[in-house]
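Report on one structure; see the data block that follows.
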Amino acid sequence: MPINFVQLLQDSWNFMRNQYQFSLFAILLLLILQLATLYLLPQTQLSSAELQSPDMVEKVLQAQLMPAVIQGLISVFINILIILNIKSINNGNYHHFFQHLSGVGKYFFAVLVLTLLMVMPLSFSVALGGVAVQGSSLSIMMIPLMIVGIFIFVKLCLVIYVYLVEEPQKKMGESIKFVWELSRDKMRILFLFCVLSYLVPSLLSSVIANLVGGEIGLFISQVFGAALTLFLVIFGFRFYQVFRSLPRSL
């Protein structure tokens, strides 16, 4: 394996510890977002009978859609701010956590579009698969759609870092082309990165949520989730730095 993932994970942890002021601000900001999502967004539980009513399910989804969209937009904003700060720390010109606050806006729309391009094919295939399962008509056609969605997600998983980190800055189309060519013959490495960045954290969060109970346990799990989110952004940044320096063909 041309990339030492264990060393990258250790480097990311050391970065968090050494840049404690930056890490503290980032974790607090992410924690506020998570707690606001938990306590302010509607949490509607439907009974088995209500789940059989398409009208009831549709009403619940409509009620949750706008808050979920707002949460997603805020999350994108915070992630841009964190990545720009990590870049400043690497370049030696970091002053305070909010120094890039006024400049996030010029990146926001492009990052949002790139994020949607990365996740929408996979989300669409998962949604279709869910509909097929609920309707007891799971089609073999779902498998190719899932494969295509996963392929695009893995190929574009670093496109946000390309757009925000590269100097001179690349346009959206250039960023997609760059990361697409960069990932050629390196899908195995990118797939492992995605497993470590998305699948393993989801499993860890589920385990933590099941181990602890009550309000205190819930708060602990939220703090853990915020710290883990920051760690993964740092890990992604470190991984991209190493990944882009690999030979074109391995």
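Cβ coordinates are placed from backbone N, Cα and C, and glycine is handled just like the others.
Quick caveat, the model's predicted, so the values are computed rather than measured.
Now, the feature entries from TrEMBL:
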type: TRANSMEM; residues: 20-41; note: transmembrane segment
type: TRANSMEM; residues: 61-86; note: transmembrane segment
type: TRANSMEM; residues: 107-132; note: transmembrane segment
type: TRANSMEM; residues: 138-164; note: transmembrane segment
type: TRANSMEM; residues: 189-212; note: transmembrane segment
type: TRANSMEM; residues: 218-240; note: transmembrane segment
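Counting Cβ pairs closer than 8 Å and at least 6 residues apart in sequence, the transmembrane segment (218-240) and the transmembrane segment (20-41) reach three or more and so form a contact. With a cut-off of 8 Å between Cβ atoms, the residues of this chain six or more beyond the transmembrane segment (20-41) that come close are 64, 67-68, 71, 74-75, 78, 81-82, 85, 89, 94, 97, 218, 222-223, 225-227, 229-230.
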